[in-house]
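Visitor: Let me begin by handing over the structure; questions about it come next.
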């Protein structure tokens with residue numbers, strides 16, 4: 001449903017397009033995708049042909065057209081992935097449909113150059129319900145960083161300028177097109193821009209990271225008396241709370257250290273991990289993972305405090321090196337490495353035990369911590385060498401006499417595309433009207449998302465207005481004061 005910035009609620013509106021499905025003056029995305037996916041090729045040409053894009057004047061209608069096309073393209077990708085290898089005719093038909101959808105998507109690149117800044121904002125941020133009876137919404141900006149989006153739209157200069165403006169100043173919805181909650185929270189949007197919300201998210205993460213490092217360096221001492229217990233204190237409670245709250249966010253690769261941290265503490269409850277426990281070694285490993293993740297194009301990250309076209313391409317190059325070069329090679333040689341380490345430790349068992357006994361007598365920190373940090377230092381050094389090798393490989397392009405490419409593409413065009421997608425994903429994440437950073441998102445999960453999920457599960461009539469009011473109140477109470485303080489520090493030049 002076009003909840004903000006749509007004319008679907010206007011009873012006098014008579015404008016229709018071949019692509020827009022109206023059910024009681026409400027537009028849903030998924031039913032339209034299902035309908036288009038079952039159309040014959042000739043009908044599909046009419047439905048999503050270039051002429052239909054030209055007839056869409058309102059940015060909300062273009063956004064709906066764009067969202068439906070991207071979800072249709074994703075459905076066609078799934079058909080290709082699940083097809084029978086011998087069914088050549090079906091494969092060719094899906095490919096022909098895909099080419100038609102790509103042509104229509106490419107035409108959106110041209111129409112964006114003719115719109116104003118307000119039109120681009122409406123195109124990016126109009127909300128549409130996925131299906132009837134479900135409160136899940138989708139926006140065009142949420143899908144622009146996906147693999148289905150054509151490369152020319154990812155590189156669109158108009159959209160790039162819009163992202164940078166949105167990052168600094170946020171997006172102000174029209175008063176006629178906003179909900180009651182939007183009108184309540186509107187006065188506070190000026191100091192809760194995406195840039196400020198990222199600073200808040202980063203500050204809370206750094207607080208958690210410092211607490212985790214302090215726990216790794218100075219773990220609780222083992223009590224002398226058996227009656228004394230290593231119960232969680234404020235430091236341990238905050239670490240557990242933050243790590244657990246991250247599990248309520250959409251899962252991706254960066255969720256792994258939070259899962260490990262949560263499991264490490266849960267395995268020791270009602271006590272906390274000691275330096276002799278295996279859970280403590282897991283925490284040391286998560287510290288290393290968090291430190292490495294700070295150099296990846298994932299939010300929150302200090303890299304986003306640097307100009308995007310300087311930091312994100314290099315971070316994307318390093319990420320490609322880790323996931324496409326370093327990890328595959330390590331995985332390939334992992335059995336041989338494990339066997340070699342086992343044989344080495346067995347052959348040097350007496351000498352190793354004697355060395356450890358001497359080393360632990362005057363150690364200010366646990367031996368496990370020093371070993372883990374030494375391993376981390378060696379890994380970072382190896383990663384640095386690998387990154388330098390990758391930079392050497394792309395150096396001929398950097399030193400070419402040809403006109404230099406855009407700063408985004410200085411490490412190659414594919415790297416530049418991935419870096420732009422990382423920027424779009426970050427902006428989309430922090431442009432939610434009421435964003436809750438961890439661990440404050442626990443309140444949102446308990447009081448807003450859980451009631452909505454229960455209502456959807458049992459088929460009850462969803463009280464969207466009530467949960468929206470609760471969401472707005474939670475955001476004003478917990479997030480707004482912190483955002484106000486950070487915005488004040490930023491405006492006064494302290495950040």
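Glycine is no exception: its Cβ is also placed from the backbone N, Cα and C atoms.
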Visitor: If I go by TrEMBL, the feature transmembrane segment sits on one of 305-324, 325-344, 345-364. Which?
Guide: 325-344
Visitor: Could you tell me which of the ranges 219-236, 237-254, 255-272 is annotated in TrEMBL as transmembrane segment?
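Guide: Comparing 219-236, 237-254, 255-272 with TrEMBL, transmembrane segment matches 255-272.
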Visitor: Given a Cβ distance threshold of under 8 angstroms, which distant residues of the chain, six or more beyond its ends, lie next to the transmembrane segment (473-492)?
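Guide: For the transmembrane segment (473-492), the list is 184-185, 188, 191-193, 195-197, 199-200, 203, 434-437, 440, 443-444, 447-448.
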Visitor: Counting only residues 6+ away from its ends, which parts of the chain sit with a Cβ under 8 Å from the transmembrane segment (255-272)?
Guide: 212, 220, 229-232, 236, 239-240, 243-244, 246-247, 249, 279-280, 282-283, 285-286, 289-290, 293
